């Protein structure tokens, strides 16, 4: 570790010591989501299950609530409920990452943990340079940087980042999000026999592949894995135009299902499907744990989307992760469900049956800033709605076959909405934290995630219907 690296870490810890008490005094501070101690959190990085613990690294800017030269922060857990903050994993201290240790991934080999990340560099004229870098650890806590292992191939701009690494039949592969020189987004592949020397194989898909036309000017945060006999590519394309209810956020995150031919190499796949229908979801990354489960974490925000309006900025922090979600395939569709381990947080269970007929009433929610609500056995003539703390509303419009999530904008000046189409509604599973809501529809067929910032004194959660609606409701306080 260089003297400059030590100095950056010292300054970051000093910032935490100075500002974390202010951050923790914020009524919007989350109770059961990963968030930064201070400063800005964005993409989950290096998510991995290793030696009995889940590791989630994250993009972290400790000195401000705007983006800048990123560190890698680090949390671990053994039960996916109680998270421990570990020491800083990476600091932007070397010539190859001096403007940020950008996103990447983790793998294990010979009982060591290998972190791959993008070193972001600006030259003296402000021009971007990009390097794919490696750091290695014996204990999973302290990492030794090994420097650059892959450089920019011809035909691409320096928007070339976010390596995700895995092993297949004795060879290591790395997928990277890329932008071609003619400003088209692609996912490209490298291969290695030893994790330190990488050869460029070429693009596997992108704009102009598999029937895709112009499909964004940049693809970020690719993740490629096998699931139930198919290959799944998760990616966050930038530059998609809104299309009906689709692509409503500034940038998108979604997936393709298909088959990767490692010899060509080429990914043959179907259409792109968004992972989350809500307001705040980006840069997802997955791991496989010791039970063989494919688990996803994502950043509960979108770059360049109202970030400056978050009220938490006044308390020196911004952003959080989604809850971890287990992924399964149903045909060509990814199903996302909250991990069963989260049930360990449940306290004060209430089970009720509600029957509404052109009426409304408050649900017996004790702590709406830390609550789980499960609606089951739903029967409704025309639909119903759930209003959450006067700031967000979930509604089902049966005739149109649409579910809607509305919220007050962060500046409080307007109401915003996101919609998705469903054939029928059987279950609604809500997780309400101090400043977020995640809603799983029909056991994870669709998910809507959003940050929201209710008035701390408003604790009311109400259900209403214009026609006849009845359902069974489970409510838990989450501790």
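Backbone N, Cα and C atoms are what each Cβ position is placed from, and that goes for glycine too.
Annotated region 'Disordered' per Swiss-Prot: 1-28, in sequence order.
Sequence annotations record features per position, and here Swiss-Prot assigns substrate binding site to 40, 41, 42, 43, 59, 102, 103, 161, 162, 220 based on similarity to another entry. In the three-state DSSP reading, residue 59 (substrate binding site) counts as strand.
Annotation source Swiss-Prot lists active site at 43. In sequence order, 58, 59, 103, 162, 221, 282, 283, 285, 299 are the residues of the chain that are 6 or more apart from residue 43 (active site) and have a CB within less than 8 Å of its CB. Taken residue by residue with DSSP, residue 43 (active site) is part of a strand.
Neighbour count (other Cβ atoms within 10 Å of the Cβ, all protein chains): 25 for residue 59 (substrate binding site). Taking H, G and I as helix, E and B as strand and the rest as coil, DSSP gives the region 'Disordered' (1-28) the counts 22 helix, 0 strand, 6 coil.
Within the set 40, 41, 42, 43, 59, 102, 103, 161, 162, 220 that the record links to substrate, no two Cα atoms are more than 20 Å apart, and one pair reaches that distance.
Neighbour counts were taken at the CB atom with a 10 A radius for the binding-site residues 42, 103; the maximum falls on 103.
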